[in-house]
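If you look up TrEMBL, you'll see 20-253 marked as domain 'Peptidase M24'. The annotation substrate binding site is assigned in TrEMBL to 85, 190. Per TrEMBL, divalent metal cation 1 binding site is recorded for 103, 114, 247. The divalent metal cation 2 binding site annotation in TrEMBL covers 114, 183, 216, 247.
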């Protein structure tokens, strides 16, 4: 989700403000790690949600997602062909071979951290494993463009170029999910601008020191097309192929990109 409006720069934040964002982001990282460590066959996505919420609240933060636009969970839990925004529930029971995406946000002292990763329950099919490894690689390659002096779509271009390179590197077809991307972030989870995961370079607002974006490639095995479930949240691939989603909140600094949602 994002908002489109012309702006010359992505406003920068001070070093102190970035530290505040990272404090929130570190809590997100701990929640993601706790969920992954606990996930096993027979658990429900609602069980995972409870683990994330407990981790966030015990750290003195609150789950940003909970109540956001009416969303009922503390995480988005998206399994297999669910790309993003899956509502945690007791009906979705994890099984061996599932590909699980967990997207999580935490708010601490007015600052938001937002991050996602995707992992397997037990052993994945080879194509799903390659997809997931490729999507993670695309994130880290793409965020290298988050540097002062670049423009917004330089990040989009870097993500697209990395996706094409990843097809050869990992030996798997990759489809950039249409219509979904990253966003500005700070005091609010979704701020301007919207960040597409593909596009021509050197367009859009200028990235300056302290600019922050949530960068989040979403790739599928068989299609760029998706549809929204009747719950108005969950997004699935139209052909039922699996998808992977990786995300970090990233700041542009004089020393290069700074990941504000580290997982220690």
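Cβ atoms here come from the backbone N, Cα and C positions, even for glycine.
Shown here: features listed in TrEMBL, placed on the structure.
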{"residue": "85", "record": "substrate binding site", "Cβ contacts under 8 Å, 6 or more apart": "71, 76, 78, 103, 233, 234, 235"}
{"residue": "114", "record": "divalent metal cation 1 binding site", "Cβ contacts under 8 Å, 6 or more apart": "25, 28, 64, 103, 104, 105, 185, 189, 214, 247, 249, 261"}
{"residue": "216", "record": "divalent metal cation 2 binding site", "Cβ contacts under 8 Å, 6 or more apart": "116, 139, 181, 182, 197, 245, 246, 247, 248"}
- Please work out the number of neighbouring Cβ atoms within 10 Å of the Cβ of residue 183 (divalent metal cation 2 binding site), leaving out its own Cβ. 22
- Message: Tell me the Cα distance separating residue 190 (substrate binding site) from residue 183 (divalent metal cation 2 binding site), rounded to the nearest angstrom.
- Response: 6
- Apart from the site residues 103, 114, 247, the 8 Å Cβ neighbourhood of the divalent metal cation 1 centroid comprises 28, 76, 104, 105, 115, 116, 214, 216, 245, 249, 261
- Task: Take the Cβ of residue 190 (substrate binding site) and count every other Cβ within 10 Å, whichever protein chain it belongs to.
- Result: 17
- Message: Using DSSP and collapsing to three states, where does residue 114 (divalent metal cation 1 binding site) fall: helix, strand or coil?
- Response: strand
- Query: In the same chain, outside 114, 183, 216, 247, whose C-beta lies within 8 angstroms of the Cβ mean position for the divalent metal cation 2 site?
  - Reply: 103, 115, 116, 182, 185, 213, 214, 215, 248, 249
